[in-house]
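Feature annotations, courtesy of TrEMBL:
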- 1-120: domain 'MGS-like' (DOMAIN)
- HIS8, LYS12, THR36, GLY37, THR38, THR39, SER55, GLY56, HIS88: substrate binding site (BINDING)
- ASP61: active site, proton donor/acceptor (ACT_SITE)
Amino acid sequence: MKIALIAHDGKKADMVHFLSQFRDILEKVDVDLVATGTTGSHIEKSGFEVDKLLSGPLGGDAQIAAMAAQKELDMVIFFRDPLDKHPHEPDVQMLMRICDVHNIPLATNPASAALMFKSL
Ligand SMILES: O=C(CO)COP(=O)(O)O
């Protein structure tokens with residue numbers, strides 16, 4: 001199973017906190033983690049193994065969308081910051097659209113992500 005992880009700057013701490021709450025499950029289930037660049041660095045520092053792609057504004061969201069379109073992802077966790085502006089908003093919308101096109105579970109906040117992780 002492959003899970004993509006993305007967090008806007010205002011939500012990176014939430015992503016690390018969220019993953020640490022589910023560390024046991026993530027270690028038990030055979031899960032590969034992939035993340036946008038800066039999110040991936042934060043996740044790595046908290047002790048998880050993760051494949052890091054480009055930073056979001058440089059194309060990382062687009063890379064994850066391409067993986068989703070090619071059915072390489074089982075789940076996308078994307079903690080968006082709705083109170084901030086993002087120069088690459090078109091990429092963000094595109095990623096969410098591609099998840100819907102291909103019926104890939106997408107969580108955009110910790111409450112929904114927790115429900116998805118509990119199903120692992
Ligand atoms: O911008 C992002 C998502 O749109 C996240 O990218 P980073 O993980 O590189 O900060």
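Heads up, the Cβ atoms here are built off N, Cα and C, so glycines get one too.
Just so you know, TrEMBL annotations are computer predictions that nobody has curated.
Measuring Cα to Cα from the residue listed as 'active site, proton donor/acceptor', the binding-site residues that fall within 10 Å are THR36, out of HIS8, THR36, THR38. Applying DSSP to the domain 'MGS-like' (1-120) sorts its residues as follows: 63 helix, 19 strand, 38 coil.
The number of other Cβ atoms within 10 Å of the Cβ belonging to HIS8 (substrate binding site), over all protein chains shown, comes to 21.
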